[in-house]
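Student: Handing you this structure, nothing more for now.
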Amino acid sequence: MESKKLIPEEVHTSVLLNEVIEWLAPKPGGRYLDGTLGMAGHSSAILKIAGEGAELAGLDRDEQALELAGERLAPFGDRAHRFHLAFSKFEAALDELGWDTVDGVVLDLGVSSLHLDHAERGFSFIKDGPLDMRMDPAGGMPPASSIVNKGSYSDLNRILKLYGEEPLASKITKAIIAAREEEKITTTLQLASIVEKAYPAKRRALSRTHPATKTFQGLRIAVNSELEELKTFLDRIPERLSPGARVAIISFHSLEDRIVKKTFKAQSQSCDCPPMQPICTCGKVKLMNVLTRKPVLPTEEEMKVNTRSRSAKLRVAERTGEDG
(Lines of atoms letter the chains of each structure in order from A and count residues from 1; the text may use other names and numbers.)
(Lines give C-alpha, C1' and ligand atoms only; values in the text may rest on other atoms or scores of the structure.)
Protein backbone atom coordinates (compact mmCIF):
# COMPACT_ATOMS: atom_id res chain seq x y z
CA MET A 1 0.00 0.00 0.00
CA GLU A 2 1.50 3.33 -1.05
CA SER A 3 1.91 5.80 1.78
CA LYS A 4 0.14 9.15 1.53
CA LYS A 5 0.64 12.16 3.77
CA LEU A 6 -2.76 12.20 5.44
CA ILE A 7 -1.82 13.85 8.71
CA PRO A 8 -0.46 17.39 9.17
CA GLU A 9 3.22 17.64 10.09
CA GLU A 10 2.52 19.19 13.49
CA VAL A 11 1.08 15.91 14.81
CA HIS A 12 3.36 13.60 12.84
CA THR A 13 5.44 12.52 15.82
CA SER A 14 4.12 8.98 16.17
CA VAL A 15 5.98 6.32 14.24
CA LEU A 16 4.41 5.15 10.95
CA LEU A 17 1.42 7.39 11.65
CA ASN A 18 0.24 7.81 8.07
CA GLU A 19 0.66 4.11 7.35
CA VAL A 20 -1.38 3.15 10.42
CA ILE A 21 -4.18 5.52 9.40
CA GLU A 22 -4.21 4.15 5.85
CA TRP A 23 -4.47 0.55 7.00
CA LEU A 24 -7.06 1.20 9.71
CA ALA A 25 -9.14 3.51 7.47
CA PRO A 26 -11.12 5.06 10.36
CA LYS A 27 -14.78 5.78 9.60
CA PRO A 28 -17.55 7.91 11.15
CA GLY A 29 -19.32 6.08 13.95
CA GLY A 30 -16.51 3.57 14.41
CA ARG A 31 -15.15 2.38 17.72
CA TYR A 32 -11.38 2.15 18.06
CA LEU A 33 -8.83 0.92 20.59
CA ASP A 34 -5.35 2.35 21.15
CA GLY A 35 -3.67 -0.03 23.58
CA THR A 36 -0.56 2.14 23.94
CA LEU A 37 -1.97 5.65 24.17
CA GLY A 38 1.28 7.44 25.01
CA MET A 39 1.14 11.03 23.76
CA ALA A 40 -2.03 10.23 21.77
CA GLY A 41 -0.48 10.76 18.34
CA HIS A 42 -2.17 7.76 16.77
CA SER A 43 -5.38 8.28 18.76
CA SER A 44 -5.85 11.93 17.84
CA ALA A 45 -5.22 11.11 14.18
CA ILE A 46 -7.75 8.26 14.24
CA LEU A 47 -10.46 10.46 15.76
CA LYS A 48 -9.68 13.34 13.41
CA ILE A 49 -9.84 11.18 10.28
CA ALA A 50 -12.84 9.13 11.45
CA GLY A 51 -14.90 12.20 12.12
CA GLU A 52 -18.42 12.43 13.47
CA GLY A 53 -19.60 9.82 15.93
CA ALA A 54 -16.35 7.85 16.13
CA GLU A 55 -15.06 6.98 19.60
CA LEU A 56 -11.76 5.67 20.91
CA ALA A 57 -10.61 3.90 24.06
CA GLY A 58 -6.99 4.71 24.91
CA LEU A 59 -5.05 2.59 27.40
CA ASP A 60 -1.73 3.25 29.09
CA ARG A 61 0.06 1.93 32.16
CA ASP A 62 1.66 5.32 32.72
CA GLU A 63 -0.50 7.85 34.58
CA GLN A 64 1.70 10.73 33.44
CA ALA A 65 1.19 9.72 29.81
CA LEU A 66 -2.57 9.54 30.35
CA GLU A 67 -2.60 13.07 31.74
CA LEU A 68 -0.63 14.48 28.80
CA ALA A 69 -2.73 12.50 26.32
CA GLY A 70 -5.82 14.07 27.86
CA GLU A 71 -4.61 17.50 26.78
CA ARG A 72 -4.15 16.35 23.21
CA LEU A 73 -7.49 14.56 23.12
CA ALA A 74 -9.44 17.39 24.76
CA PRO A 75 -10.80 18.74 21.43
CA PHE A 76 -12.59 15.42 20.88
CA GLY A 77 -14.57 15.68 24.10
CA ASP A 78 -16.44 12.56 25.18
CA ARG A 79 -15.42 10.71 22.01
CA ALA A 80 -12.08 9.91 23.67
CA HIS A 81 -11.96 7.60 26.70
CA ARG A 82 -8.76 7.09 28.71
CA PHE A 83 -7.98 4.12 30.94
CA HIS A 84 -5.09 3.46 33.32
CA LEU A 85 -4.60 -0.12 32.15
CA ALA A 86 -2.03 -2.33 30.49
CA PHE A 87 -3.15 -3.25 26.98
CA SER A 88 -3.51 -6.90 28.01
CA LYS A 89 -6.43 -5.69 30.20
CA PHE A 90 -8.26 -4.11 27.25
CA GLU A 91 -11.41 -6.14 27.91
CA ALA A 92 -11.99 -4.26 31.17
CA ALA A 93 -12.06 -0.97 29.27
CA LEU A 94 -14.41 -2.25 26.58
CA ASP A 95 -16.71 -3.77 29.18
CA GLU A 96 -16.84 -0.49 31.10
CA LEU A 97 -17.82 1.33 27.91
CA GLY A 98 -20.36 -1.34 27.01
CA TRP A 99 -18.59 -2.12 23.74
CA ASP A 100 -18.87 -5.71 22.57
CA THR A 101 -16.44 -5.13 19.70
CA VAL A 102 -14.19 -2.50 18.15
CA ASP A 103 -13.59 -1.61 14.50
CA GLY A 104 -9.85 -1.05 14.64
CA VAL A 105 -6.87 -1.44 16.98
CA VAL A 106 -3.38 0.03 17.15
CA LEU A 107 -0.42 -0.89 19.35
CA ASP A 108 2.88 1.02 19.28
CA LEU A 109 5.24 -1.18 21.28
CA GLY A 110 8.14 1.27 21.35
CA VAL A 111 9.49 2.98 24.45
CA SER A 112 7.89 6.40 24.78
CA SER A 113 10.05 9.51 24.54
CA LEU A 114 8.31 10.44 27.79
CA HIS A 115 10.26 7.62 29.43
CA LEU A 116 13.57 8.13 27.65
CA ASP A 117 13.65 11.91 28.09
CA HIS A 118 12.89 11.83 31.81
CA ALA A 119 15.92 10.40 33.61
CA GLU A 120 13.97 9.82 36.81
CA ARG A 121 12.02 7.02 35.09
CA GLY A 122 15.21 4.97 34.78
CA PHE A 123 14.97 3.94 31.12
CA SER A 124 17.91 5.91 29.73
CA PHE A 125 21.56 4.88 29.68
CA ILE A 126 22.49 8.39 28.50
CA LYS A 127 21.01 10.37 31.40
CA ASP A 128 21.55 9.37 35.02
CA GLY A 129 18.56 8.37 37.10
CA PRO A 130 17.34 5.67 39.48
CA LEU A 131 17.48 2.17 38.00
CA ASP A 132 13.71 1.75 37.74
CA MET A 133 12.30 1.04 34.22
CA ARG A 134 8.73 0.43 35.40
CA MET A 135 6.05 1.60 32.98
CA ASP A 136 3.71 1.86 35.96
CA PRO A 137 5.68 2.65 39.14
CA ALA A 138 2.51 2.19 41.20
CA GLY A 139 1.72 -1.18 39.67
CA GLY A 140 3.47 -3.29 42.29
CA MET A 141 6.19 -4.85 40.15
CA PRO A 142 9.82 -4.62 41.38
CA PRO A 143 12.16 -2.09 39.68
CA ALA A 144 15.12 -3.04 37.51
CA SER A 145 17.48 -2.40 40.45
CA SER A 146 15.89 -5.33 42.28
CA ILE A 147 16.65 -7.71 39.41
CA VAL A 148 20.18 -6.35 38.95
CA ASN A 149 21.11 -6.54 42.63
CA LYS A 150 19.23 -9.68 43.70
CA GLY A 151 18.97 -11.81 40.57
CA SER A 152 20.97 -15.02 40.32
CA TYR A 153 23.55 -15.53 37.60
CA SER A 154 21.13 -17.86 35.83
CA ASP A 155 18.24 -15.37 35.92
CA LEU A 156 20.29 -12.37 34.84
CA ASN A 157 22.01 -14.26 32.06
CA ARG A 158 18.66 -15.53 30.78
CA ILE A 159 17.15 -12.03 30.79
CA LEU A 160 20.07 -10.49 28.90
CA LYS A 161 20.35 -13.37 26.45
CA LEU A 162 16.66 -14.07 25.80
CA TYR A 163 15.07 -10.64 26.17
CA GLY A 164 18.06 -8.44 25.38
CA GLU A 165 19.39 -10.68 22.60
CA GLU A 166 22.81 -9.77 23.98
CA PRO A 167 25.64 -11.97 22.58
CA LEU A 168 27.86 -11.07 25.53
CA ALA A 169 25.19 -11.89 28.12
CA SER A 170 27.38 -14.18 30.19
CA LYS A 171 30.30 -11.75 30.30
CA ILE A 172 28.05 -8.82 31.23
CA THR A 173 26.22 -10.86 33.88
CA LYS A 174 29.52 -11.77 35.54
CA ALA A 175 30.57 -8.10 35.46
CA ILE A 176 27.28 -7.04 37.09
CA ILE A 177 27.60 -9.65 39.85
CA ALA A 178 31.22 -8.65 40.53
CA ALA A 179 30.28 -4.96 40.66
CA ARG A 180 27.32 -5.43 43.00
CA GLU A 181 29.54 -7.27 45.47
CA GLU A 182 31.51 -4.03 45.81
CA GLU A 183 28.50 -1.69 46.00
CA LYS A 184 24.80 -1.72 45.24
CA ILE A 185 23.91 -0.77 41.66
CA THR A 186 21.26 1.93 41.95
CA THR A 187 21.53 4.25 38.92
CA THR A 188 21.27 3.91 35.16
CA LEU A 189 24.70 5.36 34.41
CA GLN A 190 26.27 3.10 37.03
CA LEU A 191 24.88 0.05 35.22
CA ALA A 192 25.70 1.47 31.78
CA SER A 193 29.32 1.97 32.83
CA ILE A 194 29.61 -1.62 34.09
CA VAL A 195 28.25 -2.95 30.79
CA GLU A 196 30.47 -0.66 28.73
CA LYS A 197 33.59 -1.83 30.54
CA ALA A 198 32.60 -5.47 29.93
CA TYR A 199 32.57 -4.87 26.16
CA PRO A 200 35.86 -5.40 24.31
CA ALA A 201 37.26 -2.08 23.03
CA LYS A 202 37.26 -3.28 19.41
CA ARG A 203 33.61 -4.28 19.62
CA ARG A 204 32.69 -0.92 21.15
CA ALA A 205 34.48 0.90 18.35
CA LEU A 206 32.65 -1.04 15.62
CA SER A 207 29.18 -0.83 17.17
CA ARG A 208 26.70 1.82 16.02
CA THR A 209 24.77 1.59 19.30
CA HIS A 210 25.68 2.07 22.94
CA PRO A 211 27.02 -1.14 24.55
CA ALA A 212 24.25 -1.01 27.17
CA THR A 213 21.40 -0.92 24.62
CA LYS A 214 20.59 -4.63 24.70
CA THR A 215 21.10 -4.98 28.44
CA PHE A 216 18.61 -2.18 29.10
CA GLN A 217 16.20 -3.72 26.58
CA GLY A 218 16.33 -7.07 28.34
CA LEU A 219 15.78 -5.61 31.78
CA ARG A 220 12.93 -3.37 30.60
CA ILE A 221 11.14 -6.31 28.99
CA ALA A 222 11.57 -8.41 32.14
CA VAL A 223 10.47 -5.66 34.54
CA ASN A 224 7.28 -4.92 32.59
CA SER A 225 6.51 -8.49 31.41
CA GLU A 226 6.27 -7.02 27.92
CA LEU A 227 6.27 -10.23 25.90
CA GLU A 228 3.69 -11.89 28.14
CA GLU A 229 1.50 -8.77 27.82
CA LEU A 230 1.74 -8.94 24.03
CA LYS A 231 0.94 -12.66 23.85
CA THR A 232 -2.10 -12.25 26.10
CA PHE A 233 -3.39 -9.35 24.02
CA LEU A 234 -2.94 -11.14 20.69
CA ASP A 235 -4.65 -14.29 21.93
CA ARG A 236 -7.72 -12.42 23.22
CA ILE A 237 -8.26 -9.53 20.82
CA PRO A 238 -9.97 -11.48 17.97
CA GLU A 239 -13.00 -12.13 20.22
CA ARG A 240 -13.61 -8.37 20.52
CA LEU A 241 -13.21 -7.40 16.86
CA SER A 242 -16.11 -6.67 14.53
CA PRO A 243 -15.98 -8.43 11.12
CA GLY A 244 -13.47 -6.56 8.95
CA ALA A 245 -11.84 -4.79 11.91
CA ARG A 246 -8.10 -4.35 11.54
CA VAL A 247 -5.30 -4.67 14.06
CA ALA A 248 -2.14 -2.63 13.38
CA ILE A 249 0.90 -3.41 15.53
CA ILE A 250 4.22 -1.57 15.44
CA SER A 251 7.17 -3.48 16.92
CA PHE A 252 10.74 -2.34 17.42
CA HIS A 253 12.77 -5.50 17.93
CA SER A 254 12.77 -9.03 16.60
CA LEU A 255 11.29 -10.64 19.72
CA GLU A 256 8.08 -8.63 19.43
CA ASP A 257 7.92 -8.90 15.66
CA ARG A 258 8.28 -12.69 15.74
CA ILE A 259 5.42 -12.99 18.24
CA VAL A 260 3.14 -10.77 16.14
CA LYS A 261 4.05 -12.54 12.90
CA LYS A 262 3.64 -16.03 14.37
CA THR A 263 0.32 -15.25 16.07
CA PHE A 264 -1.21 -13.53 13.04
CA LYS A 265 -0.18 -16.52 10.92
CA ALA A 266 -1.70 -19.02 13.36
CA GLN A 267 -4.92 -17.03 13.57
CA SER A 268 -5.16 -16.94 9.77
CA GLN A 269 -5.22 -20.74 9.49
CA SER A 270 -8.27 -22.96 9.76
CA CYS A 271 -8.58 -26.73 10.21
CA ASP A 272 -5.21 -28.49 10.35
CA CYS A 273 -6.52 -32.04 10.59
CA PRO A 274 -4.94 -34.62 8.22
CA PRO A 275 -6.32 -34.23 4.65
CA MET A 276 -7.77 -37.77 4.61
CA GLN A 277 -9.63 -37.33 7.91
CA PRO A 278 -13.37 -37.13 7.07
CA ILE A 279 -14.43 -35.03 10.09
CA CYS A 280 -12.62 -32.08 11.67
CA THR A 281 -11.62 -32.79 15.25
CA CYS A 282 -9.15 -29.94 15.84
CA GLY A 283 -11.87 -27.28 16.08
CA LYS A 284 -9.66 -24.55 14.63
CA VAL A 285 -11.44 -21.65 12.93
CA LYS A 286 -9.82 -18.99 10.80
CA LEU A 287 -10.00 -15.78 12.81
CA MET A 288 -7.83 -13.31 10.92
CA ASN A 289 -6.56 -12.48 7.45
CA VAL A 290 -2.95 -11.28 7.31
CA LEU A 291 -2.83 -8.11 5.21
CA THR A 292 0.92 -7.44 5.37
CA ARG A 293 2.90 -10.45 4.14
CA LYS A 294 6.03 -8.44 4.84
CA PRO A 295 6.24 -5.75 7.52
CA VAL A 296 5.64 -2.14 6.50
CA LEU A 297 8.78 -0.08 7.14
CA PRO A 298 9.20 3.67 7.64
CA THR A 299 10.16 5.78 4.64
CA GLU A 300 13.63 7.27 4.29
CA GLU A 301 12.04 10.66 4.91
CA GLU A 302 10.50 9.56 8.21
CA MET A 303 13.73 7.96 9.40
CA LYS A 304 15.56 11.23 8.81
CA VAL A 305 12.96 13.26 10.70
CA ASN A 306 12.28 10.72 13.45
CA THR A 307 15.28 8.52 14.23
CA ARG A 308 13.15 6.48 16.65
CA SER A 309 11.37 5.00 13.62
CA ARG A 310 14.46 3.29 12.17
CA SER A 311 13.77 -0.14 13.67
CA ALA A 312 9.97 0.03 13.43
CA LYS A 313 7.95 -2.68 11.70
CA LEU A 314 4.20 -2.54 11.13
CA ARG A 315 2.08 -5.66 10.67
CA VAL A 316 -1.67 -5.61 10.03
CA ALA A 317 -4.33 -8.31 10.20
CA GLU A 318 -8.09 -8.17 9.60
CA ARG A 319 -10.89 -10.00 11.40
CA THR A 320 -12.75 -12.49 9.25
CA GLY A 321 -16.55 -12.59 8.93
CA GLU A 322 -18.87 -13.98 11.57
CA ASP A 323 -18.41 -17.58 10.43
CA GLY A 324 -14.61 -17.36 10.18
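Easy rule for this one: first residue shown is 1, then count along the chain.
Glycine is no exception: its Cβ is also placed from the backbone N, Cα and C atoms.
The structure displayed is predicted, hence computed values, not measured ones.
What Swiss-Prot shows for this protein is this:
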- Ala40, Gly41, His42, Asp60, Leu94, Asp108, His115: S-adenosyl-L-methionine binding site (BINDING)
- 301-324: region 'Disordered' (REGION)
- 315-324: compositional bias 'Basic and acidic residues' (COMPBIAS)
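Describe the structural context of each listed feature in the structure shown, including burial, neighbouring residues and relevant distances.
Tutor: Within 10 Å of the Cβ of Ala40 (S-adenosyl-L-methionine binding site) there are 28 other Cβ atoms, across all protein chains.
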Student: Out of Asp60, Asp108, give me whichever of these binding-site residues has the highest number of other Cβ atoms within 10 Å.
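Tutor: The largest 10 Å Cβ neighbour count belongs to Asp60.
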Student: When the number of other CB atoms within 10 A of each residue's CB is tallied over all shown chains, which of the binding-site residues Gly41, Leu94 has the maximum?
Tutor: Gly41
